[in-house]
Structure formats: structure tokens, C-alpha cells
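Take a look at the structure set out below.
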Amino acid sequence: MSSPRTAAKSDEDDGSGVCRSMFCPKRYPDSVAPEYRWFQTWDTIQQMTKLVNHHFGELAWFAFHGVGDPHASVSRAVLFTLSRQLFGHKVSVLGTTPTAGLWFAAYVKTFRTLGGTLEALATMTEIFAFQINSILLLWAAGMLGAMAEAMNSATRSCILQHFSKEKNNHDVTLKENNQDNAGSTIGVLGGLIVVASINRAGGFNDQTLTGCCIVCFCLCMVHVWTNLASSLVLKIPPGTFFLRHCKTRRYVIVTSGNSLAAAADTLADERVEIFKLPSDQIFGKALMSTNEVWFDQDGQAAADPCAAQLDEDGQSIVLRGEKYQLEACTSLRSSKSASTLFFPPGWPVTMPKGFDAFAAYDLIGGITSTPRKLLHVFIYWKYVAGVGDASKGPAYACLLGLFGTSIGLVSGLISGVPILAENYDHRWLIPSYILTMIAEASNMIAMVFPLKWYLLINALGIPLASLSNIIRKAVYAEVDRRWASHPSVELIHLNLCKRNRATILNLLTSILCVWYSLHLVNSSIHPSLQGIFAVYVMLLLFDFAANFQKSKIASELLQNQNSYDYELTEMDHEPYQPQRRLGEQHGPGLSFSMKKFGMTLFLVMGEAAVYAGLVTTLSGNTNQLEPCTERCLQFKLISDQSSIPGTGMFPFPVRNGLDHQQLKDTCQDFGGLNCELLTASCSASVCEERRVRRMVEDRLSGSKSKTSFVVSIGVYSVLNLMHDVGLQARCLGPNDAVMLQILATLCLAVMAASALMWASGAMELFFSPVPVDSCGCYFRMADVPSIVALVLPLNLVIRLQGNVKQAMYAAIIESSCLRTVVFALPYHFIRNSKIHSEESLSQGSLLGVEGLGRGTGSSEPMPRLFDRFTRRESVKHWAQWLPFLAVGIVILPLLLSSSFIIYRVVDLVLSWLEASLSKFVTIDRSCGTIALFGVYSMILMQTLLVGYFLSGLHTLYFVLSMQLGKWPADPQLLARLPEAKPELRWALRLARRATTR
């Protein structure tokens, strides 16, 4: 802590000049680490050379993608861009594993230097890729750049935590951003001069390539050297370490009296303790073992953290007047401090309230990044950079990029002025996302306008993006500090886990986008601008909705001024009374009622008859079909026994009256497969005849999806019948009943998956051969039957989520519910059950151990039934994984069928809009636009399915985990869960005692 005089002097210096307040944190130098000044000096020079080098590398990047080449393809440029990103981000996962995180935190200086070197190497590799025209080198450059970004981001988190001595992450981040913008502005001015001279000299040729190589090599050397210099001045201690006495060279252990002693000769001694220096609990750093025990300056265990006597070099500590060396440790023996691939150490106990929802919304918003980038780069390469346009060139495209960068840097500096920046708090989060959405939309629109308008619109939109970016950087720096407030969680854990979650979840998104880019390469038909902008706006709104929820959670976190209390408090230790063993339990006699059995059978069979009858009727009735007199969409991913071949997942137009060559040419233009196998279509008049309709190939009646649906609904009905009859006859134990409910839910998941595949087949075209005319007729399902067929899987998926939730509830309370009967309960009767009262915490009322309406004074014993086939623990295990099993069963059929279903939905909607609004606006129904909607639906529908299933079930998963003893019944977690599920308070109260059964 600084003295009052020092603090007063710092405050006085803060107001002495604009430059100091602009580029130095408040109360500098006391508020940051001693080496902050020299580190930031070298780092600013590095940022300047890095940005200039990046734009020089862009010259080769643009030339490789065909900017200025009249024979280049826009689709090919898009494919190269996305494939480079795909390989880069997936390889970077190797650098974000928990083991890699331990190495990064232990050797910050080494890996920061290595990250800067890889950045420079990636830039040179890009230039060589153009020189020898190698796509492999281009991919290698992307991998090197992504790995460097992962290293730099991780080590930067450690450095930020090290510099923020007064928990001033917000201020340090703002001032660092100002420093980088100032240095980069100087570099961009130099880059503008060089690139402008290249453009005036005639563009990018072999001579300018050689000059760029020389300049880039020199800048790379400066970049590596300044990066090394900034790393060498750091005095940051390792993330985890052993303590070794500097004189005796012995390692420190924790004695039986909870004190530290240098008693171990080698690291092989299992008693050697691993330590860390958390810095969020106090001003400064406190010594703590990885088992979460604090130690004071005398080496004694302490109840609260106290400042450690760390040497100026950051590599040694003083205890009891003796110096101990910090020897980096890259492996942990304690599970408490072990991080997972996707969540910080000790999750969910170590994370404040709201982290799970925040991470989920972050993923939902981030999953749209690659689809948006695909649309953005398609427009950029075609209309701005000039791929395939001989009137433009790499230098021209690079100048436009430098123009946008310079505006962003200048506006970023203005946005970082202290008089503005000091007001950036959580209240600005939602406006910042609105500004970002406006900036992205305006940039997308500007790219299709002439050059003057493009520059003008970007000159107005880029400052909005810079302002919103600075606001989020500053606010989320403080948000991350709050998330990392537990001593076991560091900023590097949050950084790596966030990257891993986004990378793994976006894997499918990236693959689908690359697949669609490959389709654009093979097809001569591209989506229209109208379709691209419509999809882009939808993605922006989707992203904004997720960010809006994130902002609300972040605001609640920052408004809560109370520090999160992690001290474990003792719960009541009332002895838990276990249930009697099976041999000691005596259930009541059977209570079979033929009337109840008949009613249950009627309800179960009625439900099965409705679903099976609906599918059977739509499958075999040719009257539900209509001939393709006008345009129909042909798509088919998997070949079957029908005469229509598998032409691929992307649609192309088909109508009756086209000969074989016309169908083949249309199929090839749209990138279809097996085009030569298409049969010529007969005239429209022939296809209207009744005899032709009767000869339609019936591929739905005997399809595997229909058979699977009928079988699964039969098993589902039998399980429901056994479940309800067994409960009502009192011959089914509670856990046996829950297990039947779980099995029935899995059967419902199979039904939903089968219905999805069946519905996608129903959306495909049907064929009726006409041997006399050597042709055939194409049919599709009419509008109304199509809507019914589309609603069926949607209904089953919605029901499936409700059944999963009900089964998890049943496993928690160890009592199942009737599947065929719904009870209507009076409101005041439920209020009298006192579910919200404190007295019901241990007994339960609405859901609980004594049942609805039974108060604590009731002397009537509850009837006890014993389980014949299952155990309570195994049932809870099945219930815990039920949502993941259900999603796993449904998600692959949804992936395969979603685009086909969306093709028909979009075509129906657009045809209705065209019929209603054709006098006012032009509706684009082109197959290229519909294909774009279909591919993006494959991405969004998977996200919505996972979010819909898991958003409301993670709390139940936590409860089951604690009941099974997988997680400790942590008081803080138990205090948070009832807010989400108040009806389970009694189960949470008993959770800790349940683990001791």
C-alpha cells in the first residue's frame, strides 16, 4: 500500500497532463506493477510493426485470392478464406488444453516470445504461399497465426492480472488500448505511404513482391526483437510453483501443524506442496496452496489471505526472513485446482451466479460468427476487393483496408479519452451491441455501393464499431475479474475455456460453411443480394438477442457490490434416516381396477392411433400429391429404390415438360450429382391424368423412417401402459416407475428422430413413370399435407423436452407421475401446501417426501413400495444423462433433414408473400437463395435444439449430481439452486446428507 503522500502525489499527477491521463492508469505508477512502463513501451512498438506487417502480408493474400485477376473465382476465394480459418482454429485447440494452460501460466515470458515469433513466421509464410502458389502454405500460415493468437491471448491474461495491482483491470485495459491505437496509427501512416507508392507504380508484380518480402522480413525482425524485449522486462511469477529454499535447496512441505517447512530433498517426495499467488482477494498477491489453504508471511496457515513478501524479480518470496525460490510447476496433484477443457477449476462451485447462463448465451451468439463471415467475405471479395475484376488490384484493396484501419484507430483514440472512458460501465453494454449491429449492417450495405459511398458510409460506421469495441473491452475486463474472483480461478482459465467452448461448438458450423463454399465453387448459381442481406440481418438479430441476455447477466454481476463469499459454512447435521432395505419393506397389496385399466389402455392406444394413422395416411395416399406444373425443388441426399437419383442436398428447379438434356443442364448448373440419371418429364397435360397419379412410386409407405416411427410408437405405448397401470395397481416401485418413464422418453426421442427423417422424405419429389411415352411425371406433396407433415416432428420435439424434464424431476423426488392423466389443482389448495414456507424445506409439499396436501402433522403413513428391477442410484444416473441422450438421438436426423424441411417451408412462405405482395415488392424465390436458407438452418436449428433442451435442465442436472455425490453439496451452490427451482428446496437441503448414505 502506498503512503498518503504518495497517493496524493499520484492524484496530483493524474490531473497534470492530458497525455498522462490518456495513456497511464490512475494513480500510476503505484497502481500497476513496477515494470509496466518499459513493457508497454516495447509492446506499443511491437503492435505498430505487427499491424504494418499484417497489411504488407495482405498484398500477397489479395494476390493469391485473385484480386485483379479476370479469371479468378469469387467462390474459390471464399472457400480458401473459410478453409484457412477452419484449419487454423481447430489446430489452435492444441494450445488451449488445460495442460497447455499450466505451461503458459508457468512460463509466461517464454510463450509470449514464442507467440510473437509464430506471428512473424505466419506473415512470411503467407507471402511465400503466393510466390509458389501453394494452398498448403496458406493453410500452414493460418495454423501458425491461430496458434500464435492462442498463446498471446493466454499470456496476455496472465500479464493483465499481474499488472492490475489494485483490481483495476477496467482502467488498465482502457489505457493499454489507447497506447496500442496511438502506436498503430503511426505505423498505418507509414503503411499508407508505401502501399500508395506501390499502387502508383503499377500494382503488385514480381518486383514489388521482392520489395515487400524485404520490408516484411525487416519488420518481422523488429517485431520479434521488440516482443522479446517486452518479455524480458516482465517480473511475473509462475502460475503454479514449488517453493525451494535458496540456501538448503530443499522443497517446502506442509507439516502436521499446518505450517511450512523446507524438509523435502527432491520433487519425488509426495509431500512437496504446490503453491500459487492469487491476486483478486487482496491488494497484492497472497500465498496459497493448490488445496486452497492460505499462508501468512511466517509460513503459518491463515484463515484469510495476507500479502506475500514477493521479491522485485518476481521469482522468489520471503518467509520468516528467509528467501525461497519459485520453481515453476506444470502439473497439479489437487483436483480442486485442475481445470477442464471447457470450464474453470472447481466449476460450478467456484463460479459466481450467472456464469453458466452467460457462457451459454456467449456460445449461442458466437455460433453465428462463421456464417456471418461467409456472407461478408462473399460480398467483400466480389464488390470491394475485386476478385475477378481486372480494373482493381492487391494494392488497391490494401489501401481500402488501411483506410478503414486508420479511421478505426483515430476513432478508437477519441473514444478512449478519459472524459468519455470514465463513464464506460455496464449501462453501456446494450447500447454498444446496438452500435455494433448498426456498424456491421452499414458496412455490409456499403460494400455494394460505389466507391465514394462506400468510403462515406464506412467513415460513419467504423467509429461506431470502435466505440462499442472499447466499451466492451473495458466492461468485460471487469466482468472477467469478477468471474475469476475465486482463488482457484485465474483469468487464463476463463480465456482458454472460452476459446475451447467456442472452437469445439463452431466446428460443425465451420464445416457446413466450407461445404457450402465448395458447393458455390461447383455451381454457377449464386444466392441473390436480396437473400444474402435477409439472412445476414436475421443472423445479426440472433446475435443481438444472445448479447442482450449476456449484458443483463453482466450488469447484475457488476451491480452486486458484495464480494462472493467462498468460505464453506456448516450445514445442519440432522441424522439422515435412510429408507429400509428391500427385505424390510412391505408394500400394500395389489389394487387392480378393470375400469382404470380400460381407460388407460384407451388413452394410450388413442395417442398411438393418431400418430401412426397420420403418418400412414400421408405416406400412402397419392391424392395428397400435386404435379409439378410450375417450379418444384429437387433435392435428395440419399439414393433409394425410386427412379429419382440422389442429386445432393442443394436444390434445383424441376417442372414437368422438360426433356432429359434440359434437366441434366439445370442439375449441373446448380452443382447437383448424378444428373445424367434424371428421367425426362412428360408434358403437363399427361401428368394431370388420373392413371399417371395412380402409378406414383410409393417410397414413403415402406421407408425405414416410417417403420422405425411405427415400431417406436408401439414400444412407447406399451411402456406408458405398463407405467400407468403399474402405478395405479400399486405393483410398481418408485424407481422402477421412473426407469419406465426414462425408457419411454428415449422411445419418444426415437419417434422424433424418425419423424424428422420421414418429414424430410415427404418434402422430396415423387416420380410416376410413363413407359408409353418414355418419360415420367414429377409430383410433390400439396401445401396443406406438407404443413401437417412439418408440424409432426416439431410437436414431438417439444413434447420430448417436457418428457425429459418430467423424468428428471421424477428421479430427483423418487416418485413418477402418471403419463395419461392430467390433474387440475385449485390455486388456493396449492397455496395452502406452503411450498414457499421455511417449514416445507425438509418435508416438501407440492413435490416432496410427504406428497401434496400432507402437512407435517399428518399421522397417516405413506404407503411404501419396493423396487424389483432397478436401484435408486442407477435410475438417477440414467436421468442425469437423459437430456444428453435425447439430444444425441435427435440431433443427427435433425442435421440431415433440417435443410430439406426448410427448403419447403421457405418456398411456401415466399410463394405466399409473392402472391400477396408482388404488386409492391419483388420476392426472390431463386434456388440459390433457398439453398442459403437451408444451409444456415442446419446451423441455427442445431443451436436452438441444444439450447432449448439444456437451458432449463442444467439445474436438475446439478441436483442429481449432488444427490449422487459426484459434486460436493456446496452451501453457495445450494443457496443458488432454489432460486431457479423453488419446488426442490427440500431435495437440495437433503442433498448433502444423501451423499452419505
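Any Cβ shown, glycine's included, is placed from N, Cα and C.
Caution: TrEMBL annotation is automatic and unverified by curators.
Copied over from TrEMBL, here are the features:
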- 17-230: domain 'Protein root UVB sensitive/RUS' (DOMAIN)
- 399-421: transmembrane segment (TRANSMEM)
- 453-471: transmembrane segment (TRANSMEM)
- 504-522: transmembrane segment (TRANSMEM)
- 528-546: transmembrane segment (TRANSMEM)
- 737-758: transmembrane segment (TRANSMEM)
- 778-798: transmembrane segment (TRANSMEM)
- 881-903: transmembrane segment (TRANSMEM)
- 939-960: transmembrane segment (TRANSMEM)
Stretch-level contact, the transmembrane segment (504-522) and the transmembrane segment (737-758), CB cutoff 8 A, at least 3 pairs: no
Integer mean pLDDT for the domain 'Protein root UVB sensitive/RUS' (17-230): 85
Surrounding residues of the transmembrane segment (453-471) on its own chain - C-beta under 8 Å, 6+ positions past either end: 174, 177, 384, 400, 403-404, 407-409, 411-412, 414-416, 421, 424, 428-429, 431-433, 435-436, 438-440, 442-443, 445-447
Same-chain residues at least 6 beyond the ends of the transmembrane segment (528-546) whose Cβ lies under 8 Å from its Cβ atoms: 361-362, 364-365, 368, 371-372, 375-376, 378-379, 433-434, 437, 440-441, 444-445, 448, 922, 924, 926, 928-930, 932-933, 936, 940
Sequence-remote partners of the transmembrane segment (778-798) [C-beta within less than 8 Å, at least six residues beyond its ends]: 611, 614-615, 618, 624-628, 632-634, 644, 654-656, 681, 687, 693, 696, 748, 751-752, 755-756, 758-759, 762-763, 765-768, 890, 901, 904-905, 908, 945
